[in-house]
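What TrEMBL says about this protein:
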TRANSMEM  6-28  transmembrane segment
TRANSMEM  40-60  transmembrane segment
TRANSMEM  90-111  transmembrane segment
TRANSMEM  123-148  transmembrane segment
TRANSMEM  206-239  transmembrane segment
COILED    255-309  coiled coil
TRANSMEM  331-354  transmembrane segment
TRANSMEM  374-401  transmembrane segment
TRANSMEM  421-446  transmembrane segment
TRANSMEM  474-493  transmembrane segment
Amino acid sequence: MGDFNLALVIVAIVVCVIVFLFNVYLLVNYQHPDDANQAYFPKFVVVLGLSVAAISILMLPADVANRQACRHAIYNGACNLTLPMKDLWLAIYILDAVLVFFVIPFAMFYYEGDQDKSVGKRIKSALIWVVTTAIVCALVLGILYGLIGEVDFTVRHLSSTTTSFPNSWDFSSGQPCIGGSDQCSAYPANAASEKTWTMRTTFPEYVVALATIVGSVLFSIFGGVGIACLPLGLIFSFIRRPKAVITRSQYIKEATELGKKARELKKAADALHQEERSGSKGRKWRKNVKAVEKELLQLEEDVKLLEEMYPQGEKAETSWALTVLGYLAKLVLGILGLIVSVAWVAHIVIYLLIDPPLSAFLNEVFIKLDDIWGLLGTAAFAFFCFYLLLAVVAGAMMLGLRLVFITIHPMKWGGTLMNSFLFNVGLILLCSISVIQFCSTAFAYYAQATAAQEIFGHTLQSLRGIKYLYKYNVFQIAFIVLAGLTFVYYAAFGWRRKKPSGRFQLSS
């Protein structure tokens, strides 16, 4: 048992190092050239935030493995060599909340500050915003914790018979219990014995619970949309792919049109910048900024598509072959993703929404995979949790392109500014709490008796004022409904290519 625990600690350390190095690799390759060799603090926050999000997802499989290390112990307290998972959970999620509500906003305000100002003035301006937010959050948390920071557990008394301690132990199929009794274990008393046991939760657990609620709202919206649009977007991207290489005359014609659209966009952007300097930033201005951002993204997609349809240079044939293979890879990944999405939706309906559950479904799959090889079920478990995070990012991108009140922050290889990085990291961190809570509930049979279930299962679902959201499966129902609506939307309109309007309602 000791060797297994030592191996678990070693694996945990190695995984943390790999996650950190991988996030540094993502930052280096996704960052915009304008941010090279500068903006070091936002970059540190990005790497730290991505690492915390990834480690928090991996902690649930580690929690399961940690519990299995003590499977031979009579009770949990008899195993002294396991990792202190409850303390680690609280530490990682307090860090998560601090990053989301304080550090990332400060980094964004500092990065987006007026470049003409000195570093000291930019730090001062960012601190004013963050300190104001901190005071408001502290007041709200303190008031809520003082008024309703309690958990209500429904308990029922158990009854059992008593007997004298025997001098010998004689058990058989006809006498399974000591003293000749037919009741070997305690049994529930009558329903009238049910009582509500109230106790005050700890403040860190309460902070985690409220952060989970905020994240659950975003997770239900973005995750529900993303679970459908992530695989279907890849599949329909293959359907809308360029079928053949165009001629040079066609290329010149399309390039001329794109150049004309680019000049129109520059003219619109300059006009909006002039309006911003004059101080006339109203609702109409924000709507036009959103329209320009959407048209710019569409223009970039059109340029990329044109380059794919007319590869140039000495390796034009190789480039076209790689383009074809890339779209085939999207089709394969889309089909695999669709299978995972359908499995997720089916599992939510079968295991969470129907009471009693029709089947443990994916829980049984993970257990059987563990029987084949110890880490196979754990790896599949981690993959399904990570897939939900990818769905959240995909859903945020889709809604950002269609809703005015959601800011677009695209992630582009070699062209992502730090404010977009920080926004997406904040979204991932905030939703990662809810993903863990969602997975610990959806895979309760597989992840039973873990520290995560104690925090996110018993405490969170018994917290006064919040428990009804989980009792009536509000977030799961919203998730399924949005997933269904997104599937219908893609089935009806996903095969079409949206054309830019090229019109902006400029007030100047």
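Cβ from N, Cα, C; glycine included.
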Restricting to CB pairs under 8 Å, which listed stretch, 6-28, 90-111, 206-239, 331-354, 474-493, is in contact most with the transmembrane segment (421-446)?
206-239
Please tell me whether the transmembrane segment (90-111) and the transmembrane segment (206-239) touch - that is, whether there are at least 3 C-beta pairs under 8 Å between them, with each pair 6 or more apart in sequence.
yes
Report the mean pLDDT of the predicted model across the coiled coil (255-309), rounded to a whole number.
79
Leading contact stretch, 6-28, 40-60, 123-148, 331-354, 374-401 vs the transmembrane segment (474-493) - CB distance under 8 Å:
331-354
For the transmembrane segment (6-28), name the stretch out of 40-60, 206-239, 374-401 with the most CB-CB pairs under 8 Å.
40-60
Looking only at residues six or more beyond either end of the transmembrane segment (374-401), which have a C-beta under 8 A from one in the stretch?
53, 57-58, 60-61, 64-65, 218-219, 221-227, 229-230, 233, 294, 297, 337, 340-341, 343-344, 362, 365-368, 407-411, 424, 427-428, 431-432, 435-436, 438-439, 443, 446-447, 486
How about long-range neighbours of the transmembrane segment (331-354): same chain, 6 or more residues beyond its ends, C-beta under 8 Å?
227-228, 230-235, 237-238, 360-363, 384, 387-388, 391, 441-442, 473, 476-477, 479-480, 483
